[in-house]
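Since the structure comes first, as structure tokens, the remarks are kept for the end.
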Amino acid sequence: MDLSAISPALLLASLMVAATPILIAGIGELVVERAGVLNLGVEGMMITGAICGFAITIETGSPAVGFVAAAVGGALLSLLFAILTQFALANQVASGLALTLFGLGLSSLLGQEYVGLKPAQTPDLHIPLLSDLPFLGTVLFSHDVMVYFGLALVAAVWAVLKYTRVGLVLRAVGENHDAAHALGYKVVRIRVLAIMFGGACAGLGGAYISLIRVPQWTEGMTAGAGWIALALVVFASWKPWRVLLGAYLFGGVTVLQLNLQAAGLAIPVEYLSMSPYLITILVLVIMSADRSRAPGSLGRVFHASG
Amino acid sequence: MLKLEKRPQPSRVFAWLTPLMAVVLTMIAGGILFAMLGKNPVEAIRVIFWDPLFNEQFASYSRPQLLVKAGPLILIAIGLSLGFRAGIWNIGAEGQYILGAIVGAGVGLAFYPLDAWYVFPLMVIGGALGGWLWAMIPALLKVKFGTNEILVSLMLVYVGEQLLASMSLGLLKNPEGLGFPGSRNLKDYPSAFNDELIAGTGMHWGVLTAFLAVIFAYILLNRHMLGFSIRLTGEAPRAARFSGVNPNLLILFCLGMSGLMAGLAGLFEVSGPSGQISIDFNTGYGFTAIIVAFLGRLHPVGILLAGLLMALTYIGGELAQLMLSLPSAAIQLFQGMLLFFLLAVDLLTNYRIRFVKREKA
Amino acid sequence: MTQPLLKIDGLTKAYPGVVANDSVSFEIGEGEIHALLGENGAGKSTLVKMIYGLVKPDSGTMQMRGEPFAPPEPRAARAAGVAMVFQHFSLFDALDVAENIALGMEDPPPMRDLAARIRSVSEEYGLPLDPYRTVGDLSAGERQRVEIIRCLLQDPRLLIMDEPTSVLTPQEVEILFQTLNKLRAEGTSILYISHKLEEIRALCDTATILRLGKNVGTCVPRETTARDMAEMMVGSELQTPKSAGAKLGDIALDISGLSMPSPGQFGTALKNIHLELHRGEILGIGGVAGNGQDELLLALSGEERVPSDAIRLGGRPIGKLGPNARRAAGLLCAPEERLGHAAAPNMSLTENALLTGAVRRDLANRGFLRWGQAREFAEEIIKKFDVRTPGPENAARSLSGGNLQKFVIGREVLQKPYVLVVNQPTWGVDALAAAAIRQALLDLAAGGAGVVVISQDLDELMEVSDHFAALNEGRLTAKRPTKGLTVDEIGLMMGGAHGMEVAHAEA
């Protein structure tokens, strides 16, 4: 085993990359849950975003167009969930599971032609001066644009929820949909929009995996990232900045175990590969003591009577 | 303008009708999907739903397969339905299925090459225990710490898959396997082999167990206080507590039963149709069983029928892959659509749709 | 004659199976406090929802100062100067006071300015309130202030108040009336919905009385007796329940030093409760909502466990026992929330009979259910308690509130309890059903059972109970004979006016 082969700067840099998919998907799901909807279909929307982004990037040669397509794909898929839960008043847990199963099937059907191809590369930004800083330049300032987009998204979601009217109304709908309805807010409309925002974010997160992190297409390649994103929201107690913290924690564990695998640690590869999932369970257990923050109407069906 | 009106009570007619409507709608949507893939939709539907059972060329192979595939689906779905009825969401049956197979096969392989009548029964106990223990992890975490069982049981699927890989590459690897991954094939070890009970039918111990599970669940839910508690908890958790149900015991029971049944399904599969522990031993029965449970409306008899139907789509799908080169993912998508449509039309059980003239605002 | 503020003409609204409002017409004048009087289910809520734009009438028109008024949504109603204080369902527990108020306004100013305005308006009207407190932590009276301030900040022409005093102590009612009179003096009209006649006589200028969706009369409350108004409201002469006046027996239920932490986030902890209940006694427990009523019921029903000695039934410690063991011992309960707590909405009446009846009615044999007996039990309840339903196979949610409540109470009474505890036995129930339920409780006590009635309806408690005690912030006062208690004494037992010092301290 050769631990000296692990460079701290590269480790931290790849941590940011590893954290980005679950960060973007997680912050999207946070908005959905703050609106009072539990969408367990994140995995399905991520994998759909992954293939949409991948396919469109291959076809157009432009990762930027690919990412847009991924967001659209994720949002369209989430629209199915929105129809089921907001109009057909279906159980949210079951509908989310259905979305995941459906998304996995859809993506492998769409992806058949794309196995083994390589997408156009997404360039890393080079920020003058900053990128050249020793250590910090490598860790913080020489990533692709989506890494920074993810950070900006967290900041934006935090600011909107805390300081704006839209954010206040969204929180109100998630907290008590009957009261929000009595005050004249359009509960269903707000929730549908939140669900689609979450879908678009999950799509982007998925595309980040297939276009940048891996980058290629294989069936089921999100491998539970969507579920980890869901766990992140619980971990974060529905607070945006804590999603960031959680994503970096999980990103760190993932990167570390990959590095340990590469360094030839005396633990079998399979046990290292389990570690992100086990850590997720551990964190869930620790965080489940604090359940007070869950939005009041989370997962409940809303039907305006009268 | 459409308006939803809550029915004074759930409609019995629609409770039975909605699964049928969902199947029909899925066939229509599936037909459109197949047409988009450049296949003749009518032919595709026929190949999937008719040929496996009635085409002379294929039926002799396909009919037994129906039971082979339906057995684990029904067994797992029955277990899941108990929890789903109570609002306890075990979606990690795939992991419990894997663990049942690993432990059960491990017990059998430990006795190799001993020829004794008690090897197989011990394997069955091992399989049940393996699945049960794996499900006890989310159950205990939920009871002790209130941890979300959905996420934990799902995470344990990925852990289980890694464990499966590790076992087929390490501890359970066939010492005479020339270095290939995977365990000994239990078909070559009669004391541990779960053979067909009646040759040519596909009926093995697992299928029989699945049928027994259906009867067990039916009696439990309709005739026993515990089943009543399960249903009550799902309908109105506070009323259940008031009634005297201990929610923690119920969580342990429901998750435990579903894990046990999934573990049994894994054991019967590994000791029968599959024959060995290998990296790609699990094929998603644990997830498909979720669809089966819902399609059967969480009712034991419904699950029996839904399991057979879903098994048919598997076999028909394979046939369509062979005959029409329909991609296997199309069948997966088809199964997902079925669940979607079911959830959508389920609305009609509790609500009435009325057409109202749009009023002037 | 001057033009009225709001003229309502022939409003009709039908729901499947019921006509909630049948061509209702009346007028509300400028600067008038107008009472809308009627029983539960008379159509008051539907009428108000139409004025507030939550429900659209099937036919009929409204005019606001002569202009046609047909708000398509609450926003439009608010823009036209209509504001509403809801009975429940309109506050967000996890948000703070200022955020809650901002949500009810069209164009809220920035939070800092809003907070300042909340302080000043709340001072002006004698309703102190701290803008940065979380609403879930407020008392019922304070929560209502949040709603009232929310309305006042919009300078409404018409303020609608839906049963505002049901959550207040008598002292708090006094303060509220002062506020309303001040508003009237400033020219604001108030539509005051209530079924409490004395209040209406004390406060209102005119009253419109609804019965079964129809306007059955208008009167000037000060010149009409409560008895006359009650008969217009109910449509027939009411039977007042009669107590057989049983003698008190041995101590049936003995609670001593019962303390329990709050089971939920916004609940109330029970603090050192002492109580002795004799056989044949009806003890009324009053108090404003949210002062520990639900928690006390949970502790008695066995849904929450407490130290063994804290509760004794006929001398036997039962604090550690679960619900079924307590039922076996003879302690039965009926919680407040009918749908979802006392009964499972989607399950049949037979199944709901089984819900609490399994132990005492022997409806299970080694865990296997005796459906036949369960059905007979359900039929017995339906028959003896006059529950209007086609049969025991119907779902609980298909019953009206009054019928379901009769079923719930009947289910416990027919199990012949040694002690029965009921919470809000007649909440949201029509007058006839309420009278029947009260009579059943009186009969039960006459037969030698101990009965605890937890209620926020003081009139009800005065009518049925031998002794009275009040819950206030999780503490129970010593019990006193009901006879001779004055309203002032009751109000002080309930804790007087809550939270009047909050904003002063910080202002």
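Keep in mind that glycine also has a Cβ here, set from the backbone N, Cα and C atoms.
Automatic, uncurated: that is what TrEMBL annotation is.
Features of the protein shown, as given by TrEMBL:
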type     : residues  : note
TRANSMEM : B:12-37   : transmembrane segment
TRANSMEM : B:66-84   : transmembrane segment
TRANSMEM : B:96-114  : transmembrane segment
TRANSMEM : B:120-141 : transmembrane segment
TRANSMEM : B:150-172 : transmembrane segment
TRANSMEM : B:203-221 : transmembrane segment
TRANSMEM : B:248-268 : transmembrane segment
TRANSMEM : B:274-296 : transmembrane segment
TRANSMEM : B:303-324 : transmembrane segment
TRANSMEM : B:330-351 : transmembrane segment
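Same-chain neighbours of the transmembrane segment (B:120-141): 90, 92, 95-97, 99-108, 111, 147, 149, 152-153, 156, 160, 191-194, 205, 251-252, 255-256, 258-268, 271, counting only residues six or more beyond its ends whose CB sits under 8 Å from a CB of the stretch.
Outside the transmembrane segment (B:203-221) by six or more residues, the chain places 64, 67-68, 70-72, 74-75, 78-79, 81-82, 85, 124, 194-197, 227-228, 230-231, 261, 264-265, 267-269, 272-273, 300-301, 303-304, 307 with a CB less than 8 A from a CB of the stretch. Looking at B:66-84, B:96-114, B:150-172, B:248-268, B:303-324, the range that has the most CB pairs within less than 8 A of the transmembrane segment (B:274-296) turns out to be B:66-84. Counting only same-chain residues 6+ beyond the ends of the transmembrane segment (B:66-84), those with a CB under 8 A from a CB of the stretch are 52-53, 90, 93, 97, 201-204, 206-207, 209-211, 213-214, 216-217, 220-221, 230, 234, 253-255, 257-262, 264-266, 268-269, 272-273, 285-286, 288-290, 292-294, 296, 298-300, 303-304, 306-308, 310-312, 314-315.
Long-range Cβ contacts of the transmembrane segment (B:150-172) within its own chain (Cβ-Cβ under 8 Å, at least 6 residues beyond either end) map to 89-96, 98-99, 101-102, 105-106, 109, 134-135, 137-138, 141-142, 181-183, 255, 277-279, 281-282, 286. Residues 71-72, 75-76, 78-80, 82-83, 86, 88, 90, 93-94, 96-105, 123-124, 126-136, 138-140, 142-143, 149, 153, 194, 204-206, 209-210, 213, 226, 229-230, 233, 282, 285-286, 289 of the same chain lie 6 or more positions beyond the ends of the transmembrane segment (B:248-268) yet place their CB under 8 Å from a CB of it.
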